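Here's the feature list from Swiss-Prot:
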SIGNAL    1-18  signal peptide
DOMAIN    19-52  domain 'CBM1'
REGION    58-78  region 'Disordered'
DOMAIN    74-379  domain 'GH10'
ACT_SITE  GLU205  active site, proton donor
ACT_SITE  GLU316  active site, nucleophile
DISULFID  CYS334-CYS340  disulfide bond
Amino acid sequence: MHFLGLVVAFAPAALAQSAIWGQCGGTGWSGSTTCQSGLKCEKINDFYYQCIPGSDNGGGTTPDPGTPSPGNGNADATGLDAKIRAKGKIYFGTEIDHYHLSNNPLINIVKKDFGQVTNENSMKWDAIEPSRGQFTFSNADKVVDFAQANGKKIRGHTLLWYSQLPQWVKNIRDRATMTSVIENHVKTVVTRYKGKILHWDVVNEIFAEDGNMRNSEFYQVLGEDFVGIAFRAARAADPAAKLYINDYNLDIANYAKVTRGMVDHVNKWVSQGIPIDGIGSQAHLAKPGGWNPASGFPAALKVLAGANVKEVAITELDIDGAAANDYVTVVNSCLTTPKCVGITVWGVSDKDSWRSESNPLLFDRNYQPKAAYTAVSNALN
């Protein structure tokens, strides 16, 4: 989702240290290059360095993932993942990245409650292939290794997205080059993790709010053809992985982005033989009375499930205020939608959320379960 581009610290250089998740370096960066106490400045890619929890003096190292757990990796049968699987779904997951692996309270929750993980940033194009043909997998590998060592399913996120896209890709203006670059990127990344990824978000956020295609660099050069190019390359690289189209604001049943956007386009593309297995609804939801509250989500999910796909999934769930009944509404919508295979919340604790100010997650800033967690756990009993 929208993370790196939204958390840049705008404090003048030399006047203030960057706060947690703020930018602290990178090509063209003119702001602060130091982080507040308790944080370290870590390279995400050549263009973006970020303040993350840890110390530059020996802290923040990646822990030994240990011996792989048997089966699905849930040591606690009372965890959310174990409960939702008992209801016939595949997983209850969360978002993490390599910079979370040294956070023991967070990781202990992941091990107990969640059976699937999605990389927040380290599988995006700017992190994986910052320069043409030069692939950097070290940070993504850390999350994949952790997931495999602990029996967690993995959602690959994301192969094509208009944001966090290197400038060299944006500069491409001819069809042949763009096609070749997409095919090579998708093939290389998917092949590296072949057999390890359950779901791939092949294309992410490709629709405008009116249901038309977003005017991304991919669309400017290739029109809608980039969708088929990406999905076919992914299918060829790993025939077993389920391939998804993922987007936000798919939370109102009659909204144009849902109907004439996602559903109509997906039905057309599937009829053309493009191997789209599923639709991912990010579900970044508002409070009651907001534009896209949880109350409208069940009807919207059923509209998405009516498309000609095998699966739907809730991929980046967070809810402004995290009201218990709102979370239960969304969880029940998946339980009552046969095509819905699982739920991923976009982060573990409010402290680590990209919407931190709205306290949108299941655990508070001290990594303690909130009322929403208890309500979800009870709903899954």
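Each Cβ is built from the backbone N, Cα and C atoms, and glycine gets one as well.
Worth saying up front: this structure is predicted, and the values here are computed from it rather than measured.
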Looking only at CYS334, CYS340, the disulfide-bonded residues on record, which one has the least crowded Cβ, with the fewest other Cβ atoms within 10 Å?
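Among the disulfide-bonded residues CYS334, CYS340, the sparsest Cβ neighbourhood within 10 Å belongs to CYS340.
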Name, in the order they occur in the sequence, the residues of the same chain whose CB lies under 8 A from the CB of the residue listed as 'active site, proton donor' and which sit 6 or more residues away.
TRP161, TYR162, SER163, ARG214, ASN246, ASP247, TYR248
Look up CYS340 (disulfide bond) in the DSSP assignment and reduce it to helix, strand or coil.
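Once the DSSP labels are grouped into three classes, CYS340 (disulfide bond) ends up as strand.
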Does DSSP give CYS334 (disulfide bond) helix, strand or coil?
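Where CYS334 (disulfide bond) sits, the three-state DSSP reduction gives helix.
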Across all the protein chains here, work out how many other Cβ atoms are within 10 Å of the Cβ of GLU316 (active site, nucleophile).
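A 10 Å sphere around the Cβ of GLU316 (active site, nucleophile) contains 25 other Cβ atoms.
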Would you mind reading off the Cα separation of GLU316 (active site, nucleophile) from CYS334 (disulfide bond), to the nearest angstrom?
14
Can you tell me whether DSSP puts GLU205 (active site, proton donor) in helix, strand or coil?
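The residue in question, GLU205 (active site, proton donor), is coil (DSSP, three-state).
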Find the average pLDDT over the domain 'CBM1' (19-52) in the predicted model and report it.
71
